[in-house]
Amino acid sequence: MSSTVSAPATAPKRTREEFTGRWAFILAAIGSAVGLGNIWRFPYVAYENGGGAFVIPYLIALLTAGIPLLFFDYAIGHRFRGSAPLAFRRLSRWTEAVGWWQVLICVVIGIYYAAIIGWAIMYTWFSVDQRWGEDPETFLMGDYLRVADDPSPSFDFVSGVFWPMLAVWVITLLIMGFGVRRGVALASMVGIPLLIVMFLILVGIALTLPGAAQGLDALFTPNWAALADPGVWIAAYGQIFFSLSVGFGIMITYASYLNRRTNLTGSGLVVGFSNSGFEILAGIGVFSALGFMAQASGVSVSEVAGSGIGLAFIAFPTLISQAPLGALIGVLFFGSLVVAGFTSLISILEVVISAVKDKLGWGRWTATIVVIGLSGVVSLALFSTTTGLQMLDTMDAFANNFGIVGAALLSVLLVTGALGSARRITAHLNAVSSFKVGRGYVLLIGVLMPIVLAYIWLSWIMKVIAEGYEGYPGDFLGVFGWGIALGSVALAVLLSLIPWSRKSNLYAEDLDSEIHGDLIPHNAVPEGTVPTGALPVVPAAATRKEL
């Protein structure tokens, strides 16, 4: 089922931006997937859910959920050559709101993600002289963030947070203004190799620390009984889902920048396994360091293990103060957070910029300045204050657990259920890719995914309704939790009702010809050369009715 759009008499002629090649796309996709959660979330999730035994549900979740959802997003973006709202609009006029929901989720995540990058920038500098002293927790909460006891919005700005955040937004503006090839792709092509080198050095140093073996033993010793716990399997699916940047527009947008002759499934396999490989590497590095910290403190690893902000900005500074080469470890660790944060932030904001460009027909610099400018102002107003941490914590929880999971669930249900397009997505993937998918894939995205996503989504909602979140007052959660979460859904519907500009990409003739043109297998012989067994071009007539 698809909608038919009548183009204006003078439809704009426009071609969509493209990555310079497949590997530019792969590095950009890896840059989006490899973010802060890989470094500070996965190690603790694995440790808490069976240790070495967690690898089994983790790999099963990767193969049955993570990679299939990557393929799903790739197919939608590549087939319809647009941002999330444009791609869903071309799929059906009634699904455009799903794309706008994904865009608004990215707006929320982007404005607080910049704050964490700003903290990491400052802590990279603090690592040189271990400015946090003997009590990193007091330094973080009191001296640096100056966290207020009352979570109500504050206009008491913290200069040590404001200025690095401003720098983050300025750098992001400059990178993204140069477009997909010279901005987004180039940043990832430089950032990802740099991140890998920095983290390999960090892991190498961590493995030499006294007590590293104790930490690795705690992480990898399998607790086979944990596999009988359904919560362990849900944790595995949740970790895969949250770490791959699927379900909220990023991979749809990136795939729309691929040329028609691209190996989609092969690229998805590379991205999926690269992301998981980095998570395991992060686990080795983090738990080697925690093993040293436990031995130095004379306690068990379980007493020092943690995740999230506590791990990064409290536990690691404690370790840095105790370890030989502590300053170097600190610079490498927090520098890695900065690089991983930037490559992820760029991908998040590209979803928003691409949607604005498509809807209004604006140029790259105009859309970038407006989106980054407005996002930066809101970000600085909220998160450079003494209540920024509480708002960040709440918005992060609701954006991920309500927003991303809910949007992914709705998109899968609509595409595979209401629109019945699961087999058609499969046909598109197989038309251009090396690794073919079949009926099993249709069952995964049409049956397993809705069940898993619905369980994760509903169980979190019921828990928050029953217990609240982190003890925050109801009125605070009503504004920065439920208010933003439900407000995003309502605003997405309103945005979908606004008519598309006659200059928008919805009416672009060149893009329309790309969408309805022939599908070219990734290994097809270029025109003008002598074929040597390459796959034939798939005629447009055979696929036009499929999506």
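In case you wondered, yes, glycine gets a Cβ from its N, Cα and C as well.
The annotation transmembrane segment is assigned in TrEMBL to 23-42 (among others).
The annotation transmembrane segment is assigned in TrEMBL to 54-76 (among others).
The annotation transmembrane segment is assigned in TrEMBL to 97-126 (among others).
Packing against the transmembrane segment (161-180) from elsewhere in the chain are residues 17-19, 114-115, 117-119, 121-122, 144-145, 186-187, 257, 342, 345-346, 349-350, 353, 364-365, 368-369, 372-373, 375-376, 379-380, 383-384, 388: each is 6 or more residues past its ends and has a CB under 8 Å from a CB in it. What TrEMBL records for 161-180 (among others) is transmembrane segment.
Summarising the annotation, TrEMBL assigns transmembrane segment to 192-213 (among others).
The transmembrane segment feature in TrEMBL is assigned to 233-257 (among others). Within its own chain, the transmembrane segment (233-257) has Cβ neighbours under 8 Å at 16-19, 25, 28-29, 32-33, 35, 37-38, 41-42, 45, 48-49, 54, 57-58, 60-62, 65-66, 69-70, 72-78, 80-84, 87, 99, 102-103, 105-106, 109, 180, 227, 264, 271-272, 275-276, 279, 344, 347-348, 350-351, 354-355, 400, 403-405, 407-408, 411, 452-453, 455-456, 459, counting only residues six or more beyond its boundaries.
Sequence annotations record features per position, and here TrEMBL assigns transmembrane segment to 269-294 (among others).
Residues annotated as transmembrane segment in TrEMBL: 327-353 (among others). Same-chain residues lying 6 or more positions outside the transmembrane segment (327-353) and placing a CB less than 8 Å from one of its CB atoms are 28, 31-32, 34-36, 38-39, 83-84, 102-103, 106-107, 109-110, 113-114, 116-117, 120-121, 123-124, 126-130, 168, 171-172, 175-176, 180, 183-184, 187-188, 191-192, 194-195, 198-199, 201-202, 205-206, 245, 248-250, 253-254, 289, 312, 316-317, 319-320, 364, 367-368, 371-372, 375.
The transmembrane segment annotation in TrEMBL covers 365-385 (among others). Beyond the transmembrane segment (365-385), the same-chain residues lying 6 or more positions past its ends with a Cβ under 8 Å from any Cβ of the stretch are 107, 110-112, 114-115, 153-158, 161-162, 165-166, 169, 172-173, 176-177, 349, 352-353, 356-357, 391-392.
Residues or ranges marked as transmembrane segment in TrEMBL: 397-420 (among others).
Annotation source TrEMBL lists transmembrane segment at 441-460 (among others).
Marked as transmembrane segment by TrEMBL: 480-498 (among others). Packing against the transmembrane segment (480-498) from elsewhere in the chain are residues 85, 89, 96-101, 103-105, 108, 359, 391, 394-395, 397-399, 402-403, 464, 469, 472: each is 6 or more residues past its ends and has a CB under 8 Å from a CB in it.
The transmembrane segment (269-294) shares more Cβ pairs under 8 Å with 23-42 than with any other stretch in the list 23-42, 97-126, 397-420.
Counting same-chain residues at least six beyond the ends of the transmembrane segment (192-213), those with a Cβ under 8 angstroms from any Cβ of the stretch are 27, 30-31, 34, 278, 281-282, 284-286, 288-289, 291-296, 323-325, 328-329, 332-333, 335-336, 339-340, 343. For the transmembrane segment (397-420), the list of distant contacts is 1, 69, 72, 76, 88, 91-92, 95, 98, 101-102, 105, 108-109, 241-242, 246-248, 442, 445-446, 449-450, 453-454, 456-457, 460-461, 469-470, 480-482, 484-485, 488: same-chain residues at least six beyond its ends, Cβ to Cβ under 8 Å. Below 8 angstroms of C-beta separation, residues 113, 116, 181, 184-185, 187-189, 191-192, 195, 239, 242-245, 250-251, 254-255, 257-258, 262, 267, 270-271, 274-275, 278-279, 282-283, 286, 307-309, 311-312, 336-337, 340-341, 343-344, 346-348 of the same chain, each at least six residues beyond the ends of the transmembrane segment (23-42), sit close to that stretch.
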